[in-house]
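Okay, so here's the structure we're looking at.
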Amino acid sequence: MTTVTVPAMGASALRWLWLTLLVLVIDLVSKYLADSLLTYANPVPLLPVFDLTLLYNPGAAFSFLASAGGWQRWLFVAIAVGMSAFLLHWMRRTPVAQKCLGIGLALVLGGALGNLFDRSVHGHVIDFISLHWANYYFPAFNIADCAITVGTCLLLVDMFFFSGKAPD
């Protein structure tokens, strides 16, 4: 019979929860400011390829299921709650020496919680970062989405370059 040892809280990636909280606070404050100071769907150009544009997304990434009639809100809330619990469990089981994995998990969790808050409280996710080139506009996004993207990249880096190797 194989036994799995779970690191104690101080020795696990849970020590990166401060980063999760930081992402969550920055995300919620930035969304509050965007919602308070910007006019819906009215771009504020900052650079030739970068605008601040307040948009509400009732769907998932790239507005997936945005026009589904409302039921998708609770589906996405349930998925986010389940994923957040899974990420916390994964963080608890990750040794603190696996920094890339721990930071990646913390970033994804912070972003997931930020979008979960929006979806639960507002019924949609507040997006306000708009990147474009000529007539091509990338879907608007927010700080939580940035954290999820960077965190996912770190998880991939860990998987391809550090997974299975003894920490230094």
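Count begins at 1; order follows the chain as displayed.
From the backbone N, Cα and C atoms, a Cβ is placed for every residue, glycine too.
As recorded in TrEMBL, the features of this protein are as follows:
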type: ACT_SITE; residues: D127; note: active site
type: ACT_SITE; residues: D145; note: active site
type: TRANSMEM; residues: 16-34; note: transmembrane segment
type: TRANSMEM; residues: 46-65; note: transmembrane segment
type: TRANSMEM; residues: 71-88; note: transmembrane segment
type: TRANSMEM; residues: 100-117; note: transmembrane segment
type: TRANSMEM; residues: 137-162; note: transmembrane segment
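Across the structure, D145 (active site) and D127 (active site) are spaced 9 Å apart at their Cα atoms. Counting only same-chain residues six or more apart in sequence, the Cβ atoms lying under 8 angstroms from the Cβ of D127 (active site) belong to L54, L55, Y56, N57, P139, A140, F141, N142, D145.
In the three-state DSSP scheme, D145 (active site) falls into the helix class.
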